[in-house]
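According to TrEMBL, the protein carries these features:
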type    : residues                                                     : note
BINDING : Arg42                                                        : L-glutamate binding site
BINDING : Ala76, Thr77, Trp102, Thr152, Asp172, Gln195, Asn237, Thr238 : pyridoxal 5'-phosphate binding site
DOMAIN  : 5-348                                                        : domain 'Aminotransferase class V'
MOD_RES : Lys196                                                       : N6-(pyridoxal phosphate)lysine
Amino acid sequence: MSRLWNFSAGPAALPQAVLERAQRELLDWQGCGASVMELSHRGKLFVGLAEQAEADLRELLAIPANYAVLFLQGGATQHFAQIPMNLAGEGDRADYIVTGHWGEKAASEAAPYVKVNLAASSKGEHYLRLPPRDTWQLDPRATYVHYTPNETIHGVEFHDVPDVGDVPLVADMSSDILSGPVDVSRFGLIYAGAQKNIGPSGLVVLIIRRDLLERASRPMARIFRYADHAANDSMLNTPNTWGWYLAGLTFQWLRQQGGLAAMRERNHAKASLLYGAIDGSGGYYRNPIDPAARSRTNVPFTLHDGNLDADFLRESEAAGLLALKGHKAIGGMRASLYNAVPLDAVRALVDFMADFAKRHG
Ligand SMILES: *Cc1c(COP(=O)(O)O)cnc(C)c1O
(Lines of atoms letter the chains of each structure in order from A and count residues from 1; the text may use other names and numbers.)
(Lines give C-alpha, C1' and ligand atoms only; values in the text may rest on other atoms or scores of the structure.)
Protein backbone atom coordinates (compact mmCIF):
# COMPACT_ATOMS: atom_id res chain seq x y z
CA MET A 1 0.00 0.00 0.00
CA SER A 2 1.40 3.38 -0.95
CA ARG A 3 0.04 6.84 -0.31
CA LEU A 4 -2.34 8.20 -2.93
CA TRP A 5 -2.76 11.81 -4.05
CA ASN A 6 -5.28 13.01 -1.50
CA PHE A 7 -7.79 15.73 -2.41
CA SER A 8 -9.88 15.43 0.75
CA ALA A 9 -11.63 18.60 1.96
CA GLY A 10 -10.97 17.72 5.58
CA PRO A 11 -9.54 16.07 7.52
CA ALA A 12 -7.10 16.60 4.71
CA ALA A 13 -3.66 15.61 3.49
CA LEU A 14 -0.72 16.40 5.76
CA PRO A 15 2.78 16.99 4.43
CA GLN A 16 4.48 13.63 3.98
CA ALA A 17 7.67 14.97 5.59
CA VAL A 18 5.64 15.86 8.71
CA LEU A 19 4.10 12.39 8.92
CA GLU A 20 7.48 10.72 8.42
CA ARG A 21 9.03 12.77 11.17
CA ALA A 22 6.13 12.02 13.51
CA GLN A 23 6.55 8.34 12.69
CA ARG A 24 10.28 8.44 13.47
CA GLU A 25 9.64 10.22 16.74
CA LEU A 26 6.52 8.37 17.78
CA LEU A 27 7.92 5.92 20.33
CA ASP A 28 10.69 8.05 21.75
CA TRP A 29 10.30 11.79 21.42
CA GLN A 30 13.38 13.94 22.04
CA GLY A 31 15.14 10.98 23.66
CA CYS A 32 12.81 11.15 26.66
CA GLY A 33 11.74 7.51 26.42
CA ALA A 34 8.06 8.19 25.74
CA SER A 35 5.92 9.54 22.92
CA VAL A 36 4.86 13.18 22.88
CA MET A 37 1.30 11.99 23.61
CA GLU A 38 2.40 10.40 26.87
CA LEU A 39 3.98 13.43 28.52
CA SER A 40 2.66 16.11 30.81
CA HIS A 41 1.67 19.26 28.99
CA ARG A 42 3.18 21.14 31.95
CA GLY A 43 6.59 19.50 31.59
CA LYS A 44 9.58 21.40 30.29
CA LEU A 45 9.75 19.44 27.03
CA PHE A 46 6.15 20.01 26.01
CA VAL A 47 6.13 23.65 27.10
CA GLY A 48 9.19 24.14 24.87
CA LEU A 49 7.31 22.58 21.96
CA ALA A 50 4.27 24.79 22.58
CA GLU A 51 6.38 27.94 22.68
CA GLN A 52 8.25 26.97 19.50
CA ALA A 53 4.99 26.26 17.65
CA GLU A 54 3.62 29.67 18.61
CA ALA A 55 6.87 31.40 17.67
CA ASP A 56 6.92 29.68 14.27
CA LEU A 57 3.29 30.60 13.59
CA ARG A 58 3.97 34.20 14.61
CA GLU A 59 6.91 34.27 12.22
CA LEU A 60 4.94 32.71 9.33
CA LEU A 61 1.98 35.09 9.62
CA ALA A 62 3.98 38.07 10.97
CA ILE A 63 1.52 38.25 13.86
CA PRO A 64 1.85 41.59 15.68
CA ALA A 65 2.73 41.53 19.40
CA ASN A 66 -0.67 42.92 20.41
CA TYR A 67 -2.32 39.68 19.29
CA ALA A 68 -2.63 36.54 21.40
CA VAL A 69 -2.30 33.12 19.77
CA LEU A 70 -4.42 30.38 21.32
CA PHE A 71 -4.36 26.61 20.73
CA LEU A 72 -7.88 25.46 21.60
CA GLN A 73 -10.33 22.61 21.02
CA GLY A 74 -13.93 22.17 19.94
CA GLY A 75 -13.51 22.60 16.20
CA ALA A 76 -14.44 25.75 14.33
CA THR A 77 -18.06 24.94 15.08
CA GLN A 78 -17.72 25.43 18.83
CA HIS A 79 -16.17 28.84 18.17
CA PHE A 80 -19.17 29.86 16.06
CA ALA A 81 -20.85 30.13 19.48
CA GLN A 82 -17.87 31.01 21.63
CA ILE A 83 -16.92 34.07 19.57
CA PRO A 84 -20.18 35.94 20.24
CA MET A 85 -20.03 34.79 23.88
CA ASN A 86 -16.67 36.53 24.17
CA LEU A 87 -17.02 39.52 21.86
CA ALA A 88 -20.61 40.56 22.49
CA GLY A 89 -22.54 41.44 25.61
CA GLU A 90 -26.23 40.97 26.33
CA GLY A 91 -28.27 42.69 23.61
CA ASP A 92 -25.30 43.50 21.34
CA ARG A 93 -25.44 43.13 17.57
CA ALA A 94 -23.03 41.58 15.09
CA ASP A 95 -22.84 41.63 11.29
CA TYR A 96 -22.56 38.40 9.33
CA ILE A 97 -21.48 38.23 5.69
CA VAL A 98 -22.72 34.89 4.41
CA THR A 99 -21.16 33.51 1.24
CA GLY A 100 -21.68 29.78 1.72
CA HIS A 101 -22.50 26.87 4.00
CA TRP A 102 -20.06 27.70 6.81
CA GLY A 103 -20.94 31.36 7.08
CA GLU A 104 -24.59 30.38 7.26
CA LYS A 105 -23.81 27.97 10.08
CA ALA A 106 -21.66 30.51 11.90
CA ALA A 107 -24.55 32.98 11.86
CA SER A 108 -27.13 30.48 13.09
CA GLU A 109 -24.90 29.18 15.91
CA ALA A 110 -24.19 32.77 17.00
CA ALA A 111 -27.86 33.69 17.19
CA PRO A 112 -28.42 32.55 20.82
CA TYR A 113 -25.64 34.93 21.97
CA VAL A 114 -25.85 38.02 19.78
CA LYS A 115 -28.37 39.81 17.58
CA VAL A 116 -27.29 38.62 14.15
CA ASN A 117 -27.60 41.14 11.34
CA LEU A 118 -27.35 39.37 8.00
CA ALA A 119 -25.44 42.24 6.43
CA ALA A 120 -24.92 40.48 3.12
CA SER A 121 -25.69 37.08 1.67
CA SER A 122 -25.32 35.44 -1.71
CA LYS A 123 -27.65 32.58 -0.80
CA GLY A 124 -30.28 33.85 -3.25
CA GLU A 125 -27.69 33.32 -5.98
CA HIS A 126 -26.82 29.82 -4.77
CA TYR A 127 -23.51 31.16 -3.48
CA LEU A 128 -22.13 31.37 -6.99
CA ARG A 129 -20.63 34.82 -6.42
CA LEU A 130 -19.83 37.24 -3.63
CA PRO A 131 -22.44 39.83 -2.70
CA PRO A 132 -21.30 43.17 -4.24
CA ARG A 133 -19.82 45.48 -1.61
CA ASP A 134 -22.25 48.30 -2.32
CA THR A 135 -25.13 46.06 -1.24
CA TRP A 136 -23.71 45.24 2.22
CA GLN A 137 -25.88 46.58 5.02
CA LEU A 138 -23.26 46.95 7.74
CA ASP A 139 -24.65 48.07 11.09
CA PRO A 140 -22.55 50.88 12.59
CA ARG A 141 -23.46 49.58 16.06
CA ALA A 142 -22.17 46.06 15.33
CA THR A 143 -19.66 44.70 17.84
CA TYR A 144 -17.90 42.74 15.08
CA VAL A 145 -18.26 41.66 11.44
CA HIS A 146 -17.94 37.93 10.75
CA TYR A 147 -17.11 36.41 7.38
CA THR A 148 -15.66 33.28 5.83
CA PRO A 149 -12.76 34.19 3.51
CA ASN A 150 -12.90 30.78 1.85
CA GLU A 151 -16.06 28.71 1.68
CA THR A 152 -14.83 25.13 1.68
CA ILE A 153 -18.00 23.53 0.31
CA HIS A 154 -19.17 26.13 -2.19
CA GLY A 155 -15.67 26.94 -3.47
CA VAL A 156 -16.03 30.71 -3.15
CA GLU A 157 -13.18 32.88 -1.89
CA PHE A 158 -12.57 36.53 -1.15
CA HIS A 159 -9.42 37.57 -2.99
CA ASP A 160 -8.94 40.57 -0.72
CA VAL A 161 -9.79 41.55 2.84
CA PRO A 162 -13.02 43.56 3.03
CA ASP A 163 -12.80 47.02 4.56
CA VAL A 164 -15.25 47.26 7.45
CA GLY A 165 -13.89 50.40 9.07
CA ASP A 166 -13.16 50.29 12.80
CA VAL A 167 -15.47 47.39 13.63
CA PRO A 168 -13.35 44.30 14.42
CA LEU A 169 -13.31 41.85 11.53
CA VAL A 170 -13.66 38.18 12.50
CA ALA A 171 -12.60 35.55 9.96
CA ASP A 172 -13.22 31.80 9.87
CA MET A 173 -10.02 30.83 8.06
CA SER A 174 -10.44 27.10 8.60
CA SER A 175 -9.70 26.26 4.99
CA ASP A 176 -7.42 29.10 3.87
CA ILE A 177 -5.17 29.85 6.84
CA LEU A 178 -1.49 29.60 5.88
CA SER A 179 -2.32 29.30 2.17
CA GLY A 180 -0.59 32.65 1.66
CA PRO A 181 0.40 35.78 3.59
CA VAL A 182 -2.34 37.86 5.26
CA ASP A 183 -2.13 41.19 7.05
CA VAL A 184 -3.20 40.06 10.53
CA SER A 185 -3.56 43.67 11.68
CA ARG A 186 -6.66 43.97 9.47
CA PHE A 187 -8.47 41.48 11.73
CA GLY A 188 -9.82 41.48 15.25
CA LEU A 189 -9.96 37.70 15.39
CA ILE A 190 -8.89 34.86 13.10
CA TYR A 191 -9.77 31.25 13.85
CA ALA A 192 -9.28 27.95 12.08
CA GLY A 193 -9.99 24.30 12.71
CA ALA A 194 -6.66 22.56 12.16
CA GLN A 195 -7.75 19.67 9.99
CA LYS A 196 -7.54 21.46 6.64
CA ASN A 197 -4.21 23.23 6.48
CA ILE A 198 -2.51 22.79 9.86
CA GLY A 199 -2.72 19.32 11.37
CA PRO A 200 -5.19 16.78 12.72
CA SER A 201 -8.76 17.54 13.78
CA GLY A 202 -9.45 18.42 17.40
CA LEU A 203 -7.26 21.53 17.45
CA VAL A 204 -8.31 25.12 16.77
CA VAL A 205 -5.86 27.95 16.24
CA LEU A 206 -7.27 31.32 17.28
CA ILE A 207 -5.52 34.67 16.88
CA ILE A 208 -7.14 37.55 18.74
CA ARG A 209 -6.27 41.22 19.24
CA ARG A 210 -5.55 41.49 22.95
CA ASP A 211 -7.90 44.39 23.67
CA LEU A 212 -10.82 42.20 22.52
CA LEU A 213 -10.03 39.72 25.29
CA GLU A 214 -11.40 42.28 27.73
CA ARG A 215 -14.81 42.33 26.11
CA ALA A 216 -16.31 39.17 27.59
CA SER A 217 -18.81 40.52 30.10
CA ARG A 218 -21.50 37.87 30.47
CA PRO A 219 -21.27 35.10 33.07
CA MET A 220 -19.65 32.01 31.63
CA ALA A 221 -17.44 29.14 32.69
CA ARG A 222 -13.72 29.92 32.44
CA ILE A 223 -13.27 27.21 29.84
CA PHE A 224 -15.31 29.35 27.40
CA ARG A 225 -13.47 32.60 28.08
CA TYR A 226 -10.65 33.41 25.67
CA ALA A 227 -9.03 35.77 28.19
CA ASP A 228 -8.59 32.86 30.61
CA HIS A 229 -7.04 30.71 27.89
CA ALA A 230 -4.68 33.54 26.98
CA ALA A 231 -3.68 34.11 30.61
CA ASN A 232 -2.90 30.40 30.92
CA ASP A 233 -0.95 29.96 27.66
CA SER A 234 -3.78 27.76 26.28
CA MET A 235 -3.23 25.33 29.17
CA LEU A 236 -6.31 26.09 31.22
CA ASN A 237 -6.98 22.38 30.96
CA THR A 238 -5.20 19.57 29.12
CA PRO A 239 -4.70 20.73 25.56
CA ASN A 240 -4.66 18.53 22.46
CA THR A 241 -0.95 17.81 22.81
CA TRP A 242 -0.73 15.54 19.77
CA GLY A 243 -2.46 18.10 17.56
CA TRP A 244 -0.27 20.89 18.89
CA TYR A 245 2.85 18.80 18.17
CA LEU A 246 1.78 18.06 14.57
CA ALA A 247 0.79 21.69 14.02
CA GLY A 248 4.27 22.68 15.18
CA LEU A 249 5.86 20.26 12.71
CA THR A 250 3.69 21.70 9.93
CA PHE A 251 4.76 25.25 10.82
CA GLN A 252 8.41 24.18 10.65
CA TRP A 253 7.78 22.49 7.32
CA LEU A 254 6.14 25.67 5.96
CA ARG A 255 9.16 27.71 7.01
CA GLN A 256 11.46 25.23 5.22
CA GLN A 257 9.28 25.57 2.10
CA GLY A 258 10.03 29.29 1.99
CA GLY A 259 7.13 30.56 4.08
CA LEU A 260 3.71 31.76 3.03
CA ALA A 261 4.73 33.84 0.01
CA ALA A 262 6.17 30.68 -1.53
CA MET A 263 3.05 28.72 -0.59
CA ARG A 264 0.83 31.33 -2.22
CA GLU A 265 2.76 31.03 -5.46
CA ARG A 266 2.48 27.26 -5.43
CA ASN A 267 -1.18 27.35 -4.49
CA HIS A 268 -1.97 29.78 -7.32
CA ALA A 269 -0.09 27.57 -9.78
CA LYS A 270 -2.04 24.50 -8.62
CA ALA A 271 -5.39 26.33 -8.87
CA SER A 272 -4.72 27.78 -12.31
CA LEU A 273 -3.68 24.39 -13.64
CA LEU A 274 -6.95 22.83 -12.46
CA TYR A 275 -9.26 25.70 -13.47
CA GLY A 276 -7.47 25.80 -16.83
CA ALA A 277 -8.25 22.11 -17.35
CA ILE A 278 -11.89 22.62 -16.38
CA ASP A 279 -12.42 25.75 -18.50
CA GLY A 280 -10.50 24.23 -21.41
CA SER A 281 -12.54 21.03 -21.48
CA GLY A 282 -15.14 22.43 -23.86
CA GLY A 283 -17.90 22.03 -21.28
CA TYR A 284 -17.05 18.44 -20.35
CA TYR A 285 -16.18 19.72 -16.87
CA ARG A 286 -17.71 22.83 -15.32
CA ASN A 287 -17.11 25.11 -12.37
CA PRO A 288 -20.02 27.54 -12.04
CA ILE A 289 -18.42 30.09 -9.68
CA ASP A 290 -17.85 33.70 -10.76
CA PRO A 291 -14.14 33.64 -11.78
CA ALA A 292 -13.49 36.70 -9.59
CA ALA A 293 -14.52 34.67 -6.53
CA ARG A 294 -13.22 31.21 -7.31
CA SER A 295 -11.55 29.41 -4.45
CA ARG A 296 -7.92 28.54 -4.99
CA THR A 297 -8.17 25.90 -2.30
CA ASN A 298 -11.44 24.02 -2.84
CA VAL A 299 -12.44 23.49 -6.44
CA PRO A 300 -15.90 22.00 -7.01
CA PHE A 301 -16.67 20.82 -10.50
CA THR A 302 -19.30 18.79 -12.28
CA LEU A 303 -19.19 16.49 -15.25
CA HIS A 304 -21.40 17.38 -18.23
CA ASP A 305 -23.36 14.19 -17.53
CA GLY A 306 -24.01 13.32 -13.88
CA ASN A 307 -24.48 9.66 -14.85
CA LEU A 308 -20.71 9.50 -15.26
CA ASP A 309 -20.02 10.52 -11.64
CA ALA A 310 -19.75 6.98 -10.30
CA ASP A 311 -17.36 5.96 -13.09
CA PHE A 312 -15.28 9.07 -12.52
CA LEU A 313 -14.93 8.34 -8.82
CA ARG A 314 -14.15 4.66 -9.25
CA GLU A 315 -11.62 5.22 -12.02
CA SER A 316 -9.96 8.20 -10.35
CA GLU A 317 -9.37 6.19 -7.20
CA ALA A 318 -7.97 3.33 -9.24
CA ALA A 319 -5.63 5.91 -10.80
CA GLY A 320 -4.38 6.90 -7.34
CA LEU A 321 -6.53 9.99 -6.80
CA LEU A 322 -8.33 9.96 -3.45
CA ALA A 323 -11.45 11.72 -2.14
CA LEU A 324 -12.72 13.64 -5.18
CA LYS A 325 -16.39 13.16 -4.32
CA GLY A 326 -18.14 16.51 -3.92
CA HIS A 327 -20.05 17.58 -0.82
CA LYS A 328 -23.59 16.22 -0.78
CA ALA A 329 -24.99 19.77 -0.64
CA ILE A 330 -23.85 20.51 -4.20
CA GLY A 331 -22.91 17.13 -5.67
CA GLY A 332 -20.38 16.48 -8.41
CA MET A 333 -16.69 16.53 -7.58
CA ARG A 334 -14.43 18.63 -5.41
CA ALA A 335 -10.65 18.78 -5.38
CA SER A 336 -9.09 20.42 -2.33
CA LEU A 337 -5.61 21.79 -2.95
CA TYR A 338 -4.25 22.48 0.53
CA ASN A 339 -0.57 23.18 1.19
CA ALA A 340 0.22 19.48 1.58
CA VAL A 341 -1.11 18.69 -1.92
CA PRO A 342 1.80 19.11 -4.34
CA LEU A 343 1.67 20.36 -7.92
CA ASP A 344 2.39 16.79 -9.07
CA ALA A 345 -0.93 15.71 -7.53
CA VAL A 346 -2.78 18.33 -9.58
CA ARG A 347 -0.85 17.30 -12.71
CA ALA A 348 -1.97 13.72 -12.10
CA LEU A 349 -5.56 14.92 -11.65
CA VAL A 350 -5.73 16.99 -14.84
CA ASP A 351 -4.08 14.18 -16.83
CA PHE A 352 -6.69 11.79 -15.49
CA MET A 353 -9.52 14.23 -16.30
CA ALA A 354 -8.35 14.60 -19.90
CA ASP A 355 -7.98 10.86 -20.29
CA PHE A 356 -11.40 10.20 -18.74
CA ALA A 357 -13.04 12.69 -21.10
CA LYS A 358 -11.39 11.02 -24.07
CA ARG A 359 -12.44 7.54 -23.04
CA HIS A 360 -16.01 8.40 -22.08
CA GLY A 361 -16.54 10.84 -24.96
C1 LIG B 1 -14.40 22.52 8.00
C2 LIG B 1 -14.87 23.89 8.29
C3 LIG B 1 -15.60 24.20 9.45
C4 LIG B 1 -16.02 23.14 10.45
O5 LIG B 1 -14.96 22.76 11.24
P6 LIG B 1 -15.15 21.77 12.48
O7 LIG B 1 -13.75 21.70 12.99
O8 LIG B 1 -15.66 20.48 11.93
O9 LIG B 1 -16.08 22.39 13.45
C10 LIG B 1 -15.96 25.51 9.66
N11 LIG B 1 -15.63 26.48 8.80
C12 LIG B 1 -14.96 26.22 7.66
C13 LIG B 1 -14.62 27.34 6.73
C14 LIG B 1 -14.56 24.93 7.38
O15 LIG B 1 -13.85 24.67 6.25
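For all residues, glycine too, the Cβ spot is worked out from N, Cα and C.
Keep in mind that this is a model prediction, so the values were computed, not measured.
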Average model confidence [pLDDT] within the domain 'Aminotransferase class V' (5-348): 97
List of residues, in chain order, with Cβ under 8 A from that of Arg42 (L-glutamate binding site) and at least 6 apart: Met235
The residue listed as 'N6-(pyridoxal phosphate)lysine' versus Thr77 (pyridoxal 5'-phosphate binding site) - Cα distance in angstrom: 14
Contacting binding-site residues for ligand 1, chosen from Ala76, Thr77, Trp102, Thr152, Asn237, Thr238 when the Cβ sits under 6 angstroms of any of its atoms: Ala76, Thr77, Trp102, Thr152
DSSP-derived structure type at Asp172 (pyridoxal 5'-phosphate binding site), helix or strand or else coil: strand
Number of other Cβ atoms within 10 Å of the Cβ of Thr152 (pyridoxal 5'-phosphate binding site) across all protein chains: 28
Sparsest Cβ surroundings (other CB atoms within 10 Å) among the binding-site residues Gln195, Thr238: Thr238
The residue listed as 'N6-(pyridoxal phosphate)lysine' versus Asp172 (pyridoxal 5'-phosphate binding site) - Cα distance in angstrom: 12
